[in-house]
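Peer 1: Got a structure here, written out as structure tokens. Questions coming.
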Amino acid sequence: MPDPILKISGLNAHYGDFQALFGVDMQVDAGEVLAIIGANGAGKTTLMRSITGLLTNGPDQIMHKGTDIGRLRADEVALRGIAMVPEGRQLFPSLSVKENLMIGAQVLRPGPWNLKAVYQLFPILEERKDQQSTSLSGGQQQMVAIGRALMSNPELILFDEISLGLAPVIIRDIYRALPGIIGNGMSAIIVEQDISKALSVSSRVYCLQEGRVSLEDRSDTVAREDISRAYFGIE
Amino acid sequence: MDWLNAIVQGTLLGGLYALFAAGLSLIFGVMRLVNIAHGDLIVLAAYLGLTVTTATGIHPLLAIVVVVPVMAAIGYVLQRGLLNQTLGDDLLPPLLVTFGLSVIIQNALLEGYTADPQKLAAGNLETASFAFGGLTLGVLPVLTFSFAIAVIWGLQWIFYCTALGRAFRAVSDNQDIAQLMGLNRRHIFGLAMALALAVTAIAGILLGIRTSFDPSGGGGRLIFGFEAVIIGGLGNLWGTLAGGVILGVAQTVGAKIDPGWQILSGHIAFLLILAVRPNGLFPRISA
Ligand SMILES: Nc1ncnc2c1ncn2[C@@H]1O[C@H](COP(=O)(O)OP(=O)(O)OP(=O)(O)O)[C@@H](O)[C@H]1O
Ligand SMILES: [Mg+2]
């Protein structure tokens, strides 16, 4: 069996004295789509920051295809083919829409995604390509953030709350576009507060609660009461 | 006509101040670093020009070709070896470290070149002038001003039309996210400092042709550079040129009223503009 794309074992994360993650175990296989759910402050974003190298981790806590990447810088992790659509979009305000997309291609990984492919996926971005990224609507900004991550032709893409702050129709559109994005053998981790959306696009689901994994199950068969228990920690 | 002359001469002088300031503006824009040693680095460049011209006998303007890459290399190594370690949420460490660097450079120059004032011998260029519209313009000031325009234009082009400039702006916007996009900010900062000191090299050599310099002269250049940057508005390179010109004109007009007022009137103009427009005239980024 090949090494999994990502294998997380006993991951702890700290902000100063505050511990945000406690011994998290998780695995992503090639082509798999994982959902991560959890209440506010459960540690979902912290987990994403650990994976992408924005937080440094202990030895052998994060293995990418059998190699320890827990101590690599974020740019080195990006070069290995892990991209993130960060929470709150976080576009570069000084860059135009097109420049935001182009900066995603900075890692120079070959693959199907380029400006043309992103414009095909989100035609509105081509119309707006020379505008300041902050002048777009929230949904359009989210498209730029997704396109920017795709431009690096990642093997594993992390989505941190892509529906946050967006209108329901926009969320629906973006989730409709998702299979076309991650259908080509790309693996994905989808962090989401909207549980049914997260379950609908994933094969397995993890729930985080106060920095610990409180549930791990198949997305199609997981029981609702198990989720509420894992989510809120109430019996 | 005298007044017009003062304004024109001040404008040309402003080109030199803009060259002092452009590097400061650039590194503040990219990494929010205030480099106290900037003036001393200008003087260092002048001394490097002195060494090159005395060793090879070439014209100081030609020495630019040698001093620019040397200063750029110094900039990259300085940033990666020292200044990157001081960057963070706290603004104080880089201030203290570049202040220390300023003292070190001054003492090293004193050790290496003594305290005697030096000048770069540029032959005819030092005094050559031509008549233009009833005014007499020095060739060197006009050349300096042309250099300033070319440098600002070049920096502007790098910033807005190249992948490197895109990386500068991205890192300046959000270091973490830029890092996620595969940009190593330490390397990008190194390149920004290299570029800033390349400009410093040009400024130092033009300064050395214009006036005599000694190891302690960095502070004055730093102040003029700062004032030009602040007057023009942070993060705006053309604004920095405008700031240099305003400073230069204030000085020559002040000197016209009373020769003793030259430096003071520049500072007064700076304070007045700061009082009216705390963010400078054309700010791009908020402080
Ligand atoms: N920079 C920081 N410094 C200190 N504590 C932090 C920092 N970022 C997050 N935390 C804390 O770590 C815990 C986990 O935060 P995290 O952002 O990972 O949660 P989350 O699951 O992503 O929440 P949300 O759904 O609100 O995005 C929270 O208690 C939070 O207060
Ligand atoms: Mg979060």
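Placed from the backbone N, Cα and C atoms, the Cβ positions cover glycine too.
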Peer 1: State the residue range annotated as transmembrane segment by TrEMBL; the candidates are B:91-110, B:251-270.
Peer 2: B:91-110
Peer 1: Out of B:166-186, B:229-249, let me know the one TrEMBL marks transmembrane segment.
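Peer 2: The range carrying the transmembrane segment annotation in TrEMBL is B:229-249.
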Peer 1: Among B:91-110, B:130-159, B:188-209, B:229-249, which stretch has the most Cβ pairs under 8 Å to the transmembrane segment (B:61-79)?
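Peer 2: Comparing B:91-110, B:130-159, B:188-209, B:229-249: B:188-209 has the most Cβ pairs near the transmembrane segment (B:61-79).
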Peer 1: What stretch of B:91-110, B:188-209, B:229-249 shows the most Cβ pairs under 8 Å to the transmembrane segment (B:6-29)?
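Peer 2: By the under-8 Å Cβ criterion, the transmembrane segment (B:6-29) pairs most with B:229-249.
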Peer 1: Using Cβ atoms and a strict cutoff of less than 8 Å, what residues sit near the transmembrane segment (B:91-110) while being 6 or more residues removed from its termini?
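Peer 2: Long-range Cβ neighbours of the transmembrane segment (B:91-110): 32-41, 43-44, 47, 78, 82-83, 215-216, 218-219.
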Peer 1: Would you mind listing the long-range same-chain contacts of the transmembrane segment (B:188-209), meaning Cβ under 8 Å and 6+ residues beyond its ends?
Peer 2: 16, 19-20, 22-24, 26-27, 30-31, 35, 38, 41-50, 60-61, 63-64, 67-80, 83-84, 87, 118-120, 122, 125-126, 140, 143-144, 147, 151, 155, 158, 164, 167-168, 171, 178, 221
